[in-house]
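Residues or ranges marked as substrate binding site in TrEMBL: N51, M80, Y109, H144, S164, R165, G166, D205, S206, L207, R208, E244, Y271. Positions annotated as Zn(2+) binding site by TrEMBL: H248, H312. Here TrEMBL flags C392, C395, C400 as [4Fe-4S] cluster binding site. Annotation comment: TrEMBL describes 413-425 as compositional bias 'Acidic residues'. The region 'Disordered' annotation in TrEMBL covers 410-465.
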Amino acid sequence: MERVAERENRDPDSVREQVADGQAVIPANRHHESLDPMIIGREFATKVNANIGNSETTSDLETELEKLHTAVHYGADTVMDLGTGSDLDEIREAHIAHSPVPIGTVPLYEAVKQAGSPEAITKDLLLEIIEKQAEQGVDYMTIHAGILAEHLPLTDGRKTGIVSRGGSIMASWMEAHGEQNPLYQDFPEICEIFAEHDVTFSLGDSLRPGCLADACDEAQYAELDTLGELTRVGWDHGVQVMVEGPGHVPMHKVAENVERQQEVCDGAPFYVLGPLVTDIAPGYDHITSAIGAAMAAQAGAAMLCYVTPKEHLGLPEEEDVRDGLAAYRIAAHAADVGTERPGARDWDDALSEARYAFDWREQFALALDPDRARSFHDQTLPGDNYKEARFCSMCGAEFCSMRIDQDARETGDMDSLEGEGEGTDLEASPAAEVNRPPVGTHAAGDLPPMADHEGVDALEEAGDD
Ligand code: SF4
């Protein structure tokens, strides 16, 4: 709690109170020794999760460690290992051993892998896998306990049915067995495992809408009521709980979703996937969803699960992870500025001052993605002499409005802005760590030792530069 308070620039007592009241969670499995603790709650800076993990087609330890490194390097506050390929235990253990950020998983995926099909999963297998992952040090797990047999008919009129992987697996199991969801029935036993190892619940929204037409329907809100009930069961067992949310939601219904979750789940942190605010842009869903994510965070969502440009189309690669995280760090920061968190705008002010002063090097250094800012600038004006130039290639020397403004101030009656005040001191900013540069909670150099190979080395060099 003291470390979290330091990172948030807050008083440790307020951290403790928020956690004790269930309004915030610190996902921190007692076996995760490399963890640098962080907090998720609407009273704290907005956080961003990145999903990584292998699939049937791509799978090796080195690649998976590189993905973790990439995600943390570009600013993921937590990482979910959603692997469904081979060597799941080995990869999960390596992720936990190396990760300074909390690691989340969906145990149901491993259950399907082991059982061979959703229908072949047994209750014992589910508990066994959850316990094993808790012992391995997983900090939070998505548990699809909120989807009940009586909810399934409510999805019949939908355009895209059940789009959550875990939700479709549990629905298939319930249909095949004619029984209630075992994760719901065995929820108290899961709570006991979580309490023993200090695992945090991320209650899965199995019935989240997969398109705008299905948003806020009866199925989604029926499950939300069950998630509220389970939140209280988790709290009764002394377990931390956050709740997952949609999905695909039109802009005019985003705030309604957040407010309803906060009411139904008594303020438990809301962890939202996007939401995408339009369905028309495959290939650009990091943008369609970052719009919804910013709105959700502004309305009180505590953590945003990133979406990459590959959403709906394929497994993301490194550049997609970079683009997705940039979009989501922007959404999170914009909401932190929009909700007037102390000091959140200082970063914006410092960058704007460097911009107006034509201090290009400082502008790059303060940028969310310094490498991208520098490379875009240098595409047209690469020379060192242009690093102090009073223009860039966008408007050109003659039409640079900031240069014209400054010249006019020198020759006319307007006051000169240059040199006024002390400038923004980011070192003294009361902002939370995630709202100060460099982006991300850990510079590449602070990461624990990684597998030695070209990809990671190249990434570190780029980061150091
Ligand atoms: S040329 Fe245009 S874009 Fe470039 S610094 Fe001047 S005002 Fe800004």
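Placed from the backbone N, Cα and C atoms, the Cβ positions cover glycine too.
In TrEMBL, annotation is done automatically, which means it is predicted and not curated.
Overlay of TrEMBL annotations on the structure.
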{"residue": "Y109", "record": "substrate binding site", "CB count, 10 Å": "20"}
{"residue": "S164", "record": "substrate binding site", "CB count, 10 Å": "24"}
{"residue": "G166", "record": "substrate binding site", "CB count, 10 Å": "25"}
{"residue": "S206", "record": "substrate binding site", "CB count, 10 Å": "32"}
{"residue": "R208", "record": "substrate binding site", "CB count, 10 Å": "27"}
{"residue": "H248", "record": "Zn(2+) binding site", "CB count, 10 Å": "26"}
{"residue": "H312", "record": "Zn(2+) binding site", "CB count, 10 Å": "14"}
{"residue": "C392", "record": "[4Fe-4S] cluster binding site", "CB count, 10 Å": "19"}
{"residue": "C395", "record": "[4Fe-4S] cluster binding site", "CB count, 10 Å": "13"}
{"residue": "C400", "record": "[4Fe-4S] cluster binding site", "CB count, 10 Å": "18"}
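The subset of binding-site residues (S164, S206, R208, Y271, C392) lying with their Cα within 10 Å of the Cα of H248 (Zn(2+) binding site) consists of R208, given in sequence order. Checking the binding-site residues S164, Y271, C392, C395, C400 for a CB within less than 6 Å of any atom of ligand 1 leaves C392, C395, C400, listed in sequence order. Geometry remark: N51 (substrate binding site) versus C392 ([4Fe-4S] cluster binding site), CA distance 37 Å. In the three-state DSSP scheme, Y109 (substrate binding site) falls into the helix class.
The DSSP secondary structure for R208 (substrate binding site) is coil.
Closest by Cα distance to Y109 (substrate binding site), from the binding-site residues H312, C392, C395, C400, is H312. The most crowded of the binding-site residues listed here (N51, Y271) is Y271, judged by how many other CB atoms sit within 10 Å of its own CB. Report note: the [4Fe-4S] cluster site is defined by C392, C395, C400, and the residues of the same chain whose CB lies within 8 Å of the CB centroid of those residues, excluding them, are F391, S393, M394, G396, A397, F399, S401, M402, R403. Looking at C392 ([4Fe-4S] cluster binding site) and H312 (Zn(2+) binding site), their Cα atoms lie 37 Å from each other. When the Cα positions of N51, M80, Y109, H144, S164, R165, G166, D205, S206, L207, R208, E244, Y271 are compared pair by pair, the longest gap among these substrate-binding residues is 20 Å. Using CA atoms as reference points, the binding-site residues H312, C395, C400 were checked against G166 (substrate binding site), and the closest is H312. A Cα-Cα distance of 41 Å separates C400 ([4Fe-4S] cluster binding site) from H312 (Zn(2+) binding site). Rounded to a whole value, the Cα-Cα separation of C395 ([4Fe-4S] cluster binding site) and H312 (Zn(2+) binding site) is 38 Å. Within the set of binding-site residues S164, S206, R208, Y271, the entry lying nearest in space to H312 (Zn(2+) binding site) is S164 (CA atoms).
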